[in-house]
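Residues or ranges marked as coiled coil in TrEMBL: 592-619. Here TrEMBL flags 29-87, 133-206, 253-314, 372-433, 480-560 as domain 'Zinc finger PHD-type'.
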Amino acid sequence: MTTSFRPPAHEHSLIPRELSENYSVQCRRCGCPIHGRTNCCLDCNVFFHKWCTEWPLQIQHPCHPQHPLILVTDNYFKSSYCCHECRFSDRAEDLVSTLPPTGEQAEEDETVDHFAHEHPLASFSVTTPNNIRCGACRQEISGRVYGCRPCLYLLHESCTQLPQEILLHPFHPQHRLVLVADSTKWFKCNTCGLLHQFVYCCSECRFNLDVHCAVSALPPEDQQNKVSSMVDHFSHPHPLRSFNIKEENKHLTCKACEQHASGDVYGCPGCMFFLHRSCAELDGEMFHFHHDHNLILSAEGLHNDGSFICNCCLEASSGFVYNCERCDFNLDTECALKTRSALYEGISARVQHFAHQHILTLHYLKGYNCPECNACKQPARGLAYCCLSCDRFSLHLSCFQLPLKLEHEFHPSHPLTLRKMASDSYAACNACRRKCTGFAFQCEECKLHMDVECASLKPTLKHLRHEHTLAYFKRAMGLHCNACGSSSNADLYRCVSCDFNLHHDCIPLPLTARSEFHIHPLFLKEKFISGYGDSGEEYCDVCEEMRNPDLGVYCCQECRFAAHIECVISTVSLDREKLVKNTQWSIVDEEIASAKEEMEAMKTQLEALMKKRTDMDSQTVRGV
């Protein structure tokens, strides 16, 4: 039995679910990711945050105090609160997340005066997803904030504590930078080039840094007086200064590899030119198995619109390039280094595979136009083997390394053989029941198929309600949960051979438990490696027998105590309040049914005994 309800803004009933840590979906209403508790619609196969289905139909918000605001939802489940009289409208998730508490929860907020806003800012917590950006750093808002609800102006608590001035900033050490906020002006950040209204400014040089660029590049306090080293690099006319960028800044990119600049870097802030330390130290020349001639490191991709096509990943690039001028052959630095490092690790540059007639060559693939892996039918990103002859066959390195024969716990009776599925095949995977495409493992004798993804799964969770260990599946088709009876096609545990299935949230195991053998609380994990000893063997700290580190376990977060689930569960009393309600009801229903059967049996036995007693009384009377 599963509770369901129909929210005012959705036509179908929604079922409450608790998603596992392995599974994440997007809320159809606010667009933010969902982790943990959710309400889902089985008819539409959509998910909502629990709080996104509990929005009131009408609210009174400080940003529009003169009239109540009405909840309006469009055909794409996007919601707004509107005042039709004033033609006022704003995103529902932003207004709900900034509603002041009411009733018993209402209390007077702590307020501060801040130079960046004309009204006092109240201290409160934002705990639900929203699209509001901090007025200082322009990053997402969550947690403790200081804000003006009528203006929907919010600052992170940490941003209200920014220093008013910075001396000797690595990007502008010659003058102090003063924190400035002006809602009527826009300042262009000299590092990322974006416009901001909240910046650190040097008025003498007209040099500006937005808050994120300024703070992310500040050295630790104990190194603030340390003199930066300077280097000359062939790629830039000015000396480059060493920095350490603490936080990844998506607006600062390394000119060599075009990735975000973070960690140890060399840079010329005035020119917005940065290099990772590792990229600044690249070899000037290399030999690569993709080409017959030596390749020379060049920065031509940085000049005169010198973008090029990498001959490895076939993506356009404009960073550093390893180039053969005679042959017009180019490798971007990432492809050159990733593939060469793979060779050093013993991976072959060229291979033959049973599913294709041509030699395959090792590549590093990236971008949105990656070819499809012929084995798993997913984009072949990362290290992959590709056919240069026909350009129609690619395999992830991991898919190339799949064994040709496999002993699998989902089908222990026979070994499975790796096969390439015919394009017109309609065979379904016996594990997840989805159509098999690409490669699959087969048992000819049993007519069984298992796709590549399911073949990588292992049973990891021992459950009290089933004799076999269960495996975790992110996706499946046509299954039903044995606890609640509803559709179970995502985020589930399953015994393939018995077709026994449980939603993640229908598992009656407490997430935390206490054991008489340990003083700290124990936490349920799908796998855990303690790291003790050099043998690599893992042991249960209760029964002292060996345990499989890939199976479910109760472990201590403080002292690495770990124990088999059955060794902990046998010594504790399950906290029923922490179990999912529908699982509780299912278990109670089973107990009621069992009790009824026992009562019927006892009733039948009692009637037989009473009849026997009556017969004995009759015989006694006749004898008299």
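A Cβ is built for glycine as well, from the same backbone N, Cα and C atoms used for every other residue.
Note that TrEMBL annotation is computational and uncurated.
Broken down by DSSP into helix, strand and coil, the domain 'Zinc finger PHD-type' (133-206) contains 4 helix, 30 strand, 40 coil. Within the model, the domain 'Zinc finger PHD-type' (29-87) carries an average pLDDT of 84. Relative to the domain 'Zinc finger PHD-type' (480-560), the listed stretch 372-433 leads the set 133-206, 253-314, 372-433 in CB pairs under 8 A. Taking DSSP states H, G and I as helix and E and B as strand, the domain 'Zinc finger PHD-type' (29-87) has 3 helix, 23 strand, 33 coil.
Counting residues per DSSP class in helix, strand and coil order gives 3 helix, 25 strand, 53 coil for the domain 'Zinc finger PHD-type' (480-560).
The DSSP breakdown of the domain 'Zinc finger PHD-type' (372-433), given as helix, strand and coil counts, is 4 helix, 26 strand, 32 coil.
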